[in-house]
């Protein structure tokens, strides 16, 4: 089969003709050969199966069990839905790359994957912020919890998270299309990210750099600040309780959410810092990007399933029925 033309002139502009590649080449993990990539595909497929089954089980259990139709669990269902879509956007293509060694990804497909990765990450950040607010109200103002976080309010939060993720990141494919790509076509990850595609351009990327920095600070940066502030207030309220047992019980309700926040934000902040420092993409960049995108969809259902009594009992009940 004949491969598509490597570089395709798109349109003439005052600054010259825009040139877009027909496809990009995904590297996978730099420094690893075909055999190592092939064997890595199997644990990756296992992770994808675990993420799919775990998050799907979360959504179905919360949907079926009427006792779980509470703000915390409805937000958890949103988080699981986002993780389910995010893992489906990234892991199958990675597994195909590792198994077959086929590196090509079409230009527009790469931009679509990039948009979905960034938009879904912003939605997940918003849901984590909403869950932090839920824990803050439940611990610091328990008598107002039922009136503040109602079903319609949670629905509005979900719609706001969806809208914000779409609006902020929708321009990214278009500001990447305004660039010419006349250097290497190699993307140094197993998936497409804005920073990596931008670096392949041989034209001025100031708009991309400024807008990328703006959205990472105004979306994830603001969310992480509010989450941190929520936990400062929660910690102050917990330490003010007279009973040590009551304090531990109150803070124990936050452990699952804290794990989800750390798994999401620590690799994200690290990845943003190393990208902003510039220089060539290193193995550290790639590992942190893989942790940032692959770990939360796998870890979140495991942590919430183990720590949330209602979900754990429902899962055990399902297995006990199957065993009869």
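Including glycine, each Cβ sits where the backbone N, Cα and C put it.
For 7-26 (among others), the entry in TrEMBL reads transmembrane segment.
Counting residues 6+ beyond its ends, the transmembrane segment (38-61) has Cβ neighbours under 8 Å at 29, 32, 68, 76-77, 80-81, 83-84, 87-88, 91-92, 94-95, 98-99, 101, 294, 297-298, 300-302, 304-305, 311, 314-315 in the same chain. Annotation source TrEMBL lists transmembrane segment at 38-61 (among others).
For the domain 'G-protein coupled receptors family 1 profile' (54-304), the predicted model reports an average pLDDT of 88. The annotation domain 'G-protein coupled receptors family 1 profile' is assigned in TrEMBL to 54-304.
Residues annotated as transmembrane segment in TrEMBL: 73-91 (among others).
The feature transmembrane segment is assigned by TrEMBL to 111-133 (among others).
Marked as transmembrane segment by TrEMBL: 154-176 (among others).
The feature transmembrane segment is assigned by TrEMBL to 209-234 (among others).
Beyond its flanks by at least six residues, the transmembrane segment (255-277) meets 79, 121, 124-125, 128, 131-132, 135, 195, 213, 216, 220, 224, 227, 231, 284-285, 288-289, 291-292, 295-296, 299-300, 303-304, 307-308 of its own chain at Cβ-Cβ distances under 8 Å. Residues or ranges marked as transmembrane segment in TrEMBL: 255-277 (among others).
Taken from TrEMBL, the feature transmembrane segment applies to 283-304 (among others).
Among the listed stretches 73-91, 154-176, 209-234, the one sharing the most Cβ pairs under 8 Å with the transmembrane segment (111-133) is 154-176. For the transmembrane segment (154-176), same-chain residues at least 6 beyond its ends with a Cβ under 8 Å from one of its own Cβ atoms are 71, 74-75, 78, 111-112, 114-115, 118-123, 126-127, 130, 194, 197-198, 201, 207-208, 211-212, 215, 218-219.
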